[in-house]
Amino acid sequence: MKHHRLERNGVIPSDSLWKKAKFGEDTIIGNLDTGVWPESKSFSDDGIGPIPSRWRGSCQRGIDVRFRCNRKLIGAKYFNRGYEAYLGKKLNATFKTVRDLEGHGSHTLSTAGGNFVNGASVFGYGNGTAKGGSPKARVAAYKVCWPPVNGNQCFDADILAAFDAAISDGVDVLSVSLGGEPAEFFEDGIAIGAFHAVKKGISVVLSGGNSGPAPGTVSNLSPWMFTVGASTLDREFTSYVELGNKIRLKGASLAAATLKSKTSYPLISADRAKAANASAVDAILCQPGSLDPTKVKGKILVCLRGINARTDKGKQALLAGAVGMILANDEKSGNEVIADPHLLPATHLNFTDGVTVFAYINSTKKPTAYLTPVKTQLDAKPAPFMASFSSRGPNTVDPAILKPDITAPGVSIIAAFSESVGPTEDESDTRRIPFTSQSGTSMSCPHVSGIVSLLKSLHPEWSPAAIRSAIMTTARTRDNTVNPMLDSDGNKATPFSYGAGHMRPNRAMDPGLIYDLTIDDYLNYLCARGYNQTTIQLFSNKPYVCPKSYNIADLNYPSITVPELNGTTIITRKVKNVGTPGTYKAHVRSPVGVTVTVHPSTLKFTKIGEEKKFEVRLKPSRKKVDAEGGVGYVFGVLRWCDGYHYVRSPLVVKRK
């Protein structure tokens with residue numbers, strides 16, 4: 001039985017978009033996750049009209065008589081039979097509830113469709129009005145994940161049952177912050193469930209995974225899925241490290257506690273505070289049981305990122321008697337720092353600044369430091385850049401399909417939370433707060449889901465593929481310094497990090513042209529991958545006759561990927577006009593070492609709904625190629641422009 005895991009670890013629609021879409025009130029967002037905290041103000045039905053008559057769902061309370069749905073939270077169901085079968089025994093009553101007991105489900109669902117909540121903050125930081133991407137949308141929770149057993153949390157049997165229920169209930173958008181190891185589509189329950197949802201016109205948005213920055217780690221890889229990476233915001237929660245040598249380093253934190261004295265404290269590297277029976281490696285990572293309290297007490301402890309959770313390192317520091325913690329990135333994590341609600345005064349430094357701290361400790365016999373109280377800072381630059389944890393392409397199941405498709409904010413995101421657990425999700429954390437900050441592609445996925453809901457409300461006739469195309473082809477690949485987006489290590493990011501780019505909702509409502517796809521297109525694609533009638537029946541309820549010939553490369557995807565360019569390759573695409581009549585001209589920035597031509601290079605549209613085909617011809621040039629991103633690929637862009645619309649597709653090519 002296959003299992004899946006939760007994906008945890010400046011995209012604001014304009015008022016005009018929200019108003020045109022009526023804040024998404026015509027749409028219904030379903031969330032496959034760990035349930036919901038129904039008492040959260042994010043799920044209040046204040047200002048919400050009657051439940052749509054087309055809704056066929058229900059509110060399953062289970063053992064929780066206090067659980068209530070309303071005109072906002074219109075549905076709730078739990079699915080546990082797959083989990084029960086894995087355990088091999090009957091589940092007790094605590095598993096018969098949709099209530100969110102660990103926070104992830106409430107956070108993701110409120111990010112997608114939470115109502116307006118004034119005065120939301122985390123311990124007073126980031127104070128403002130919380131709202132989901134589609135704040136008036138109706139929402140429904142489908143609980144499919146349970147406490148982990150042997151690392152397993154969410155099982156295909158439960159996920160597929162939830163997909164069936166959501167489809168039957170009548171949702172418009174499914175937000176799925178789940179993922180597993182990449183697998184062929186007929187072996188992937190999420191891929192199968194998503195196909196059946198898309199077949200009913202439901203957009204399915206999914207997390208790309210938190211296994212970055214290594215290449216080939218992205219999950220949720222099928223072409224009917226809308227797969228999301230994670231990048232940063234231009235908002236920071238800062239706490240500075242002031243070293244005894246007067247060097248000041250900016251870190252990230254959401255710790256509620258502050259140091260009692262404004263004077264400096266003794267500073268110690270965790271590897272110098274190891275317990276007698278612990279290794280230096282375990283100690284520097286601040287693993288449980290690795291620290292000697294006699295060496296740590298009363299000091300600020302420096303821990304290295306990796307292995308155990310960031311907040312768990314703070315817990316271990318606190319248990320050992322530290323007054324504060326500095327969390328330093330390893331080289332892999334680069335510049336990405338995350339504001340966490342630590343149990344003690346703490347701040348998170350990037351790799352370069354962490355090296356500075358360790359160098360200072362090694363330079364003096366009595367190192368000292370001070371941690372400043374947390375402050376909220378806006379307009380951070382550069383932003384966005386890619387989170388190091390965000391999983392990267394290429395697609396390991398089908399390299400001809402670029403994944404992820406898009407990136408969205410996924411670092412230090414404030415949203416609703418369960419009040420049955422503390423913000424660090426540790427049993428020792430007795431704090432209870434209605435909003436918290438979390439990071440991961442789990443957090444970026446519902447950002448996109450909310451915007452999909454708005455676009456669905458604006459353009460109810462658009463297919464899931466059309467909505468995805470509108471978001472992808474209007475995305476941006478430059479940051480707020482007007483330079484190319486960066487990876488967390490400071491190097492230029494590529495489409496294997498961000499897909500088509502960082503989404504721009506306001507542009508997506510009027511994309512000009514779209515790349516559309518039908519269910520038959522997807523079935524033809526499966527035929528071209530060698531699927532037989534038995535495997536195709538997992539996706540189609542009736543026998544499907546495969547075409548005599550079909551080229552996978554011609555699937556009408558908004559991105560163009562050629563994983564093996566050996567001689568001239570011709571890619572066919574078709575665009576549909578969804579804007580005003582106009583003439584579009586092709587503009588190409590060719591990948592290095594590749595010659596790209598487009599035929600025809602001009603497309604004239606006289607009416608809405610008109611479609612035009614074109615060919616993209618790629619061939620290796622004689623120019624020597626230095627591959628980008630460490631995986632042998634080079635990258636370019638195709639743009640169709642009419643003077644107002646810019647319809648952008650990434651070109652991803654690997655020369656043989």
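Placement of Cβ uses the backbone N, Cα and C atoms for every residue, glycine included.
If you look up TrEMBL, you'll see Asp33 (among others) marked as active site, charge relay system. There are 28 other Cβ atoms within 10 Å of the Cβ belonging to Asp33 (active site, charge relay system).
Under the heading active site, charge relay system, TrEMBL lists His104 (among others).
Around the Cβ of Ser442 (active site, charge relay system), 30 further Cβ atoms fall within 10 Å across all displayed protein chains. For Ser442 (among others), the entry in TrEMBL reads active site, charge relay system.
Annotation comment: TrEMBL describes 24-501 as domain 'Peptidase S8/S53'.
Look at TrEMBL and you will find 283-354 tagged as domain 'PA'.
Sequence annotations record features per position, and here TrEMBL assigns domain 'Subtilisin-like protease fibronectin type-III' to 554-653. Broken down with DSSP, the domain 'Subtilisin-like protease fibronectin type-III' (554-653) shows 1 helix, 61 strand, 38 coil.
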So how many other Cβ atoms are close to His104 (active site, charge relay system), meaning within 10 Å of its Cβ?
24
Please report how many Å separate the Cα atom of Ser442 (active site, charge relay system) from that of Asp33 (active site, charge relay system), as a whole number.
10
Nearest-integer angstrom distance between the alpha carbons (Cα) of Asp33 (active site, charge relay system) and His104 (active site, charge relay system):
7
